[in-house]
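Below is one structure, written out as structure tokens; comments come after it.
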Amino acid sequence: MMRHRQLLLATACLWALSCASLLRASTPDGLLRVSLNKNKLDREALVAAKVDRQHDSRRLRAAGGGDIPLIDYLNTQYFGVIGIGTPPQNFTVIFDTGSSNLWVPSTKCYFSIACYFHHRYKSGKSSTYKADGETCKITYGSGSIVGFFSKDNVLVGDLVVKSQKFIETTREPSISFILGKFDGILGLGYPEISVGKAPPIWQSMKEQKLLKDNVFSFWLNRNPDAPSGGELVFGGVDPKHFKGNHTYVPVSRKGYWQFNMGDLLIDGHSTGFCAKGCAAIADSGTSLLAGPTAIVAQVNHAIGAEGIISTECKEVVSQYGEMILNLLIAQTNPQKVCSQIGLCMFDGIHSVSEGIESVVGKENLGSDVMCSACQMAVVWIENQLRENKTKEMILQYANQLCERLPSPNGESTVSCHQISKMPNLAFTIANKTFTLTPEQYIVKLDQGGQTVCISGFMAFDIPPPRGPLWILGDVFMGAYHTVFDFGKDRIGFAKSA
């Protein structure tokens, strides 16, 4: 499927690598290391990226859950320098586990201004160039890139990947490509989502037996004062990057690095929605944590984050809250509650999460809005019943959550002075809990010389069969060293050092 993630890089980005150089892999451990640097994220860039995330969410839903990209780059890009051709022509590329193609601008890109602001590949100056010629188009949230495939040697550190299939772009119409500090993208996802069936570079490394172990790993340094932003390691892991042992979980669906996870806990208490399981994706191209609105609203409430008020949601709780409560007490299937009270029409395909965006974005009117609000209310009320709360407390809690829905057009602001009082949050993966402290899940932004604090959680609703779904971006990958094991098709997490 075509990749449609927007490359939005406004004025600055969190944990982005600006023109980093490769550290040579001639060390005794045989590991190939790519140094990562970081810049700061500003508020305006994040807000703009969230707007486009809503656009991508609608496109993913409309595509029927196929293997298409999930969300925008959201200002978190990891850059490193690679060489293409003989002799090598250097390019700064994004390392992205949410896509699978390698592409750089071509000297045959004549009519896009963006190409003239970046390094361009010159096939005539490479003695190892092989023509392919197949044309392609990759669609992003902000536009499309157009180009054609070629083959050439790709230099990553001391490793030469021979005859790697990649894209020479001939059109880059979006202004995002002009502003971007990168030349191209080096995708690290599975070949299942690769345009033109081009093998991702790690697959070529594996086939050419270039690595000690068939893995790569990310260590992200979250210390804002540290000179280094972290390291991407091919061929193994660096013991200095993590503490203890990794917990591994198998890849459940190839394409993205997708796996099965369990509940999200707030101070050890279940949020309910993923208690029976959700899908999750480890994505180096996403800065924050993206997940179901029904859970993010609970997180907002727990940490005192600002949100938007949904009158439809409050109306459902006011008029139907007690009825929903009684049906759940009577052991009614939660997925059928809203249809029994006449707010939803189920045809066997309609899902609990489907349409929640309409409550937040208000793009669909009428029964869809009320149905979506009802579905969220069922999740919240059912979860509070498990906690043995009284009827008054349950309905009051649900009504409060209707005032904490995450805004689709901005971030959820929190008080920087209250961070120490916020609860720990934890993801359940492979029956183990991976805790995030407030210092880890609260993101600090620079705005006019002042520090603004926002929640590291944002809403992103994908219906079955692809969802419900979590995107674990850099907020999570910064706290937990992440191993992408393509030899055994598994992902590993351990506390970052």
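Glycine too: its Cβ is placed from the backbone N, Cα and C atoms.
Per TrEMBL, these features apply:
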DISULFID  Cys109-Cys115  disulfide bond
DISULFID  Cys416-Cys453  disulfide bond
DOMAIN    78-494  domain 'Peptidase A1'
DOMAIN    308-348  domain 'Saposin B-type'
DOMAIN    367-408  domain 'Saposin B-type'
SIGNAL    1-25  signal peptide
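The candidate set comprises the disulfide-bonded residues Cys109, Cys416. Of these, Cys109 has the most other Cβ atoms within 10 Å. For Cys115 (disulfide bond), the count of additional Cβ atoms within 10 Å of its Cβ stands at 23 [all protein chains shown]. Its own atom aside, the Cβ of Cys453 (disulfide bond) has 21 Cβ atoms within 10 angstroms in the protein chains shown. Counting same-chain residues at least six beyond the ends of the domain 'Saposin B-type' (308-348), those with a Cβ under 8 angstroms from any Cβ of the stretch are 359-360, 367, 369-379, 381-382, 385, 391, 394-395, 398-399, 401-403, 405-407.
Separation of the C-alpha atoms of Cys416 (disulfide bond) and Cys109 (disulfide bond): 46 Å, rounded to the nearest whole number. In this structure, the C-alpha atom of Cys453 (disulfide bond) lies 36 angstrom from that of Cys115 (disulfide bond).
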